[in-house]
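Colleague: Before anything else, here's the structure in question.
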Amino acid sequence: VIGQPAKSKRPKEPGENKIKPVNKKVKPKTPKMKERESTDSSLKSQSILTQVMDKGRFQKLAATLSLSAGQTIELRCKGSNVSWNYPSYLDTFKDSRLSIKQLDRYSQLILANSTAADTGEYSCWLQLCDGDKCRKDEAKTGSTYIFFTDKEELFVPTPSYFEMVYLNPDKPAVIPCRVTTPSAKVTLHREFPAEEIETDGTDIIYDVKKGFVYQHPTSDHKGIVYCKAELQGAPQISIKYHLLYVEVPKGPPSTTIEASSNRAEVSDSVHIICTALGEPDVDVNFRWQYPGQEFERPVIFQNFWRLINRGTGHTARISKSVIVIEDFEAGDAGNYICIAQNLEGETTVTTKVELK
């Protein structure tokens, strides 16, 4: 080649190509990028969620994050149509400390003056919409669990001092005594007889994001329990949890109907009671069809439920709906139909009230 010196004919020493820097071209290190992506596939799901730091810096979020309570946190999620998930009580109490704004290229979540109660999962995902129908884009999501640490509140506060936990034999049960500091030592205790319940890591495990999990609940686990947490100081006690063992067949509500009288005179007061038996943690909704419905006959509806012990430690829920006709008329005579519905289906029952 013209203009270049002749190449040396001497043999190359072993490794010479590796250390000789002359005319070296720098190429992108693509293999390392591939290796990084393949080592942790969750990085893809974390890619759209970032935390805004000081001076306009951004930080990708790991699976968990610990912050001191009192701080204000700002999260951003890339995308023009983003949905968020966060601790549900922030919605329940319409908390003004939380604000979410959708901008052109990202959605912004700001939580001001954080408290221990804000501890929980914060996640976002991109919505793919076709007209009015939208679905979650599984490839573009982000999630992190944030601990808002507070030495005065080792347990995440709850709105009540006592909670029911239902033990179903076919699914795990959770005693939700979550902590605000992941390094706290947490133990589970029975109130009577007073004793610590062993956490063996198999049948009973502790998940810092959930609480104590009974993997295979039995009637032996029922009773009142509480949790104890310790962290460089005096131990703190959680609220109490009443564990109730459940064994009710799954399916539509088992429903009956009964009238206070099936033959009524004009001006009588008549009650028709619809009763449904089911699982204690499953809601039952009632609908009625009755003779005076078409002409909007004024009637009174009453709905309520209670837990009952069916013996051998089994607990069930009795739900009732009552329709009251205070001043019976000829137009009120006929069939009274009650439809009881739960997640498994519905049951329809009927009774007839005649005019004497």
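Cβ from N, Cα, C; glycine included.
Just so you know, TrEMBL annotations are computer predictions that nobody has curated.
Below, the features straight out of TrEMBL:
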type     : residues : note
COMPBIAS : 21-31    : compositional bias 'Basic residues'
DOMAIN   : 31-124   : domain 'Ig-like'
DOMAIN   : 253-350  : domain 'Ig-like'
REGION   : 1-44     : region 'Disordered'
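How about a rundown of where these features are and what they're close to?
Modeller: Residue counts of the domain 'Ig-like' (253-350) by helix, strand and coil are 6 helix, 59 strand, 33 coil (DSSP-based).
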Colleague: Suppose you look only at the domain 'Ig-like' (253-350); what would the mean pLDDT be?
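Modeller: Reported value for the domain 'Ig-like' (253-350) is a mean pLDDT of 88.
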